[in-house]
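In TrEMBL this protein carries:
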ACT_SITE  D51  active site, charge relay system
ACT_SITE  H128  active site, charge relay system
ACT_SITE  S460  active site, charge relay system
DOMAIN    709-748  domain 'F-box'
DOMAIN    1048-1119  domain 'FBD'
Amino acid sequence: MDQVITVFKSKSLKLHTTRSWDFLGLTVDNAGHTPPPQLAYGSDIVVGIFDTGIWPESESFREPPESKPVPPSWNGKCVGGDAFDPSVHCNRKLIGAQFYLKGFEETYGPINRKRDPEYRSPRDYLGHGTHTASTAVGSVVRNVSGYSGHGRGTARGGARSARLAVYKTCWGKDLEGVCTEADILAAFDDAIRDGVHVISASFGSSPPLSPYFESSADIGAFHAAERGISVVFSCGNGGPDLGVVQNVAPWAVSVAASTVDRSFPTRIVIDGNFTLTGQSLISKEIRGSLAVATSYFDGGVCKWEKWLKKSANEKIILCFSTLGPVQFIEEAQAAAIRANASALIFAASPTKQLVEEEDTIPTVRVDFLRGTRIRNYLARSPTVPMVKIGPSETVIGDITAPSVAYFSSRGPSSLSPHILKPDITAPGVGILAAWPSKTPPTLLPGDHRPVEWNLQSGTSMSCPHVAGVMALLRSAHPKWSPAAIRSAIMTTADTRDTSNDLILSGGSMKSSDPFDIGAGHINPLKAMDPGLIYDTRTEDYVLFLCNIGYTDQEIKSMLLHSESFTTCLMSHSYRTNANFNYPSITIPSLISFGKTVKRTVRNVGTNKNTVYFVDIVRPVGVEVVIWPRILVFSKCQQEHSYYVTFKHTNISSGRYVFGEIIWTDGFHRVRSPLVVFLSPPIYPLVGSNRKHLSLYRPVVFHMDIISQLSDDLLLRILSFVPTKDVVATSLLSKRWRYLWKLVPQLEYDDSNHIGDYKIFSQYVYRSLLANKAPVVEYFHLNLGMDCPVIDISLWIDTAVSRRVRELEIDIRSCQEVCFTLPSSVYTSETLETLTLVSFVLLNVPVNVSLPSLTSLILENVDYADDQTLPRLLSGCPNLEELFVQRHDSDETMDATVVVPSLQRLTMLETHSGTRGRYVIDVPSLKYLSITENVVYNFRQIENMPELEEADLDITHGVTQRFLRALTSVRRLSLSVSLSEVMNPSGMIFNQLVHLELNTYAQGWWDLLTHMLQDSPKLKTLKLISKHISGGSGKNNPNGWKPPSSVPECLLGSLEDFVWNGYQGRQGDRGIATYVIENAACLKTATFFPKSTDVGKKYKMLKELASIAAASTSFQLLFD
């Protein structure tokens, strides 16, 4: 890299440690199952393996005779070293080999060839790297088997024609593979520069996971994704516990491990007449006497340190995993070897009976039932039983597969719970692949067996399976991005086994869920033709990081070219990572209010004209609504978006539920898993702005948690809780006894004291006078009882004296006259927001002065005279937002608003009638909303040069002069009659990009014609059907005539057309046809029919679908 962006501490990561490709459908010997072109894919693809190196002499890496020249895009190299000569060991198969030692030696000291078995070169000592490389891209080698001779067959990698580049980043340390962060990041930099297409990395670190900007693997994978390189990681071997999945970055693929349909049944015959079957890899028959572990190990615990120093020569020992317990079968094997036993019978749970690798001592795995039967037989036998074991057989198809390996790490992600991990599952148990001929199959002490092919298990083995499939997909679809390749793999994955039942989850024997298998079990053939794909770009990943709260500097430290990034504040954020365009959908917290997410799919199928329908498997307790339910594609590479709304319908909470959505065109099935966590209920609470809701969840506080929170944090928490509950916290502990008095938010609601005003009044007085907060941020009175005016005035005066910033008074009843607001409110220097509702009388003094007031809300209040409102507004020099709702008692009062600073104005008349003057003069206004059905004697609305958005629902008085004041708007909603507008032509709306018209209004179609002609930059046109007074019965557009010439906006700017309440009448069809046939840039036309009749809706859809669109990117949506 040219410069140092960030520095972080280097850590060490650990490695995650035939039949599998046949099981996945990529069969060499049966062309009937796999089309020859798919097997030939990959010769132009380079797969980089980040691991322990390579054993180049293996037949798996020989250069096939039909090999083509190395792709010209390759810039890599082969580096020599200990026992590795590039001129001899590299070829047109193994085209790159490099090693990285700096980070390892800085951490663990120099490698000494005289002391350490490691090679200071790309050569592999541990065997892990050779095995994974062979699995991913190994050449075809026939008649191979493991040490025992089992599993015999043809070995090859998934992308057997692909090229191999080895990056030795991991080194042997205490019989384990260790990889340092510094070496990993250096390898990523080289691999990107070399020109690899796919990177397979079978290593990781256990939770707690480091932030993405502190992880070399995540940073390197991000760099690779920026350059269009697919990266696949193993998900870890920490299962079956939940939440331990590793490598969870959304720009890489995380792979779980599964079994295949191959088994190794082994007969156990006791005394010639008692027979059971287990699993093993025993090449020849073994005989001996049966012995229980208690005879040779303390307490029957089969562990090295528990040996009683008694020889078990020619004995076959029975051990149970539950005693001790014995966590790993290797512990029991080492103990049996120390006791000099000839063989071992190991009883464990069914999920741990898998034959995962070559045993150091002949071992038969049985379940607890069989183990108990053997133990009982031994206890009842008058003599020492004689046992005959094996030899083992290799059987294909006798067991149901796949099932998730018990060791495979499970989700959810502990770092990014809104992204499902793992992504996909692939074979990872008993995988036969190449092995260094000088390395024993287990690396355990005393194991000196020579092998060239070895059985290994782990997510390390499943990872290269996915890498091989990625190489095939990249070769078949060279223009696909890494995200598109990931999508193809995930959306075509299988969730059922060979018995057509749901795949089982090893470790529990329950049906697997997405935390076990991700999107499912990989299906390479289906992934070749997924139909639809979900794609993402680098900027999407940047927004993802912004949304999880990373700073600009932390994000820049992850980017390959940080100069292209400015700041998160300049980015157009999703606001939530639920909208991140991932092939799976995860809602980590679904509250009662529901959640809507967006996804976008691209048509990559061979049929350009196709229609996809959606099917939903709803999670238990969740309502799922998808819109649109039909996606109509007219060409390849066309994109459509859809929305999924989740609603919590069940009282159950605190658990995950699962479902799926499937888009199908009759041939393709594009499946996305749904993961939803049902959160406890959340209740609305009026917060600092009455238009916005704060949320709080009932919390049970524990002293050990409270003791760790600061007073500031506790006060912030309490500020979202009603005052009555805040006061109640004084009973929790000594610390809380006085803390509630400092909370600056006070809210009093007498609905909890109905019929008992005296108690409520005492409660308000005591808590208000006891409050010691330096400033009252928010004071709210919500009164329904007949409270004495003097009490209300005193409470408000007290709040004003405490420099209140937000004041809300809502009085639902009064005794004789409405409550008169005290004069102290009109001269407050600190008041920023004032909300008055219902029975409140405004009697504004001449000396009114509210210099800090920016928001004023008046709902159905009473005014002393015509000058009350203008006088109040004159004393608010910095007012930015005004909401006025008037009722019948104001029918003679003028409506005059003259405020130079005002930016948002909403005026609502709740009753019809006749009024006097109506004057609005607001030169800084940006948003205007007027809803009324009033006939004014005089109306004047002008001087709004800054106006950007207007929403008008006016029955009377919309004149040309009125509309001319709106010509600067960018967004306009009109619910007016053309008879009121008279002739709107001649007024050009040069800035208008979004227009909404109400089709319930009389003559709306002619108004539409004028607005289309006078809005040259219009991008969105929306027609809605909303009831207005006098509109019913005169809104049929059958007499509509198209403009004499096509409007400029149709020719060059209109992109979206929405019709809500479409009826399909002759005039409706004419308007819809005219727009679609002439809008050259139209992207979507969305119709929501008014009728619910299926037959009528189908007829409408058929008519609309037959319209010849002028736009080549046109999409028709119909619900």
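Each position is counted from 1, following the chain as shown.
Every residue, even glycine, has its Cβ placed from backbone N, Cα and C.
Not measured: the values here are computed from a predicted model.
The two recorded residues, S460 (active site, charge relay system) and H128 (active site, charge relay system), have Cα atoms 8 Å apart. Distance from the CA of H128 (active site, charge relay system) to the CA of D51 (active site, charge relay system) is 7 Å. Each residue in the domain 'F-box' (709-748) has a pLDDT score, and their mean in this model is 59. Using a 10 Å radius centred on the Cβ of S460 (active site, charge relay system) and all shown protein chains, the other Cβ atoms total 32. Look at S460 (active site, charge relay system): DSSP puts it in a helix.
With DSSP states grouped into helix (H, G, I), strand (E, B) and coil, the domain 'FBD' (1048-1119) comes out at 30 helix, 17 strand, 25 coil. All chains included, 30 other C-beta atoms sit within 10 angstroms of the C-beta of D51 (active site, charge relay system).
For H128 (active site, charge relay system), the count of additional Cβ atoms within 10 Å of its Cβ stands at 29 [all protein chains shown].
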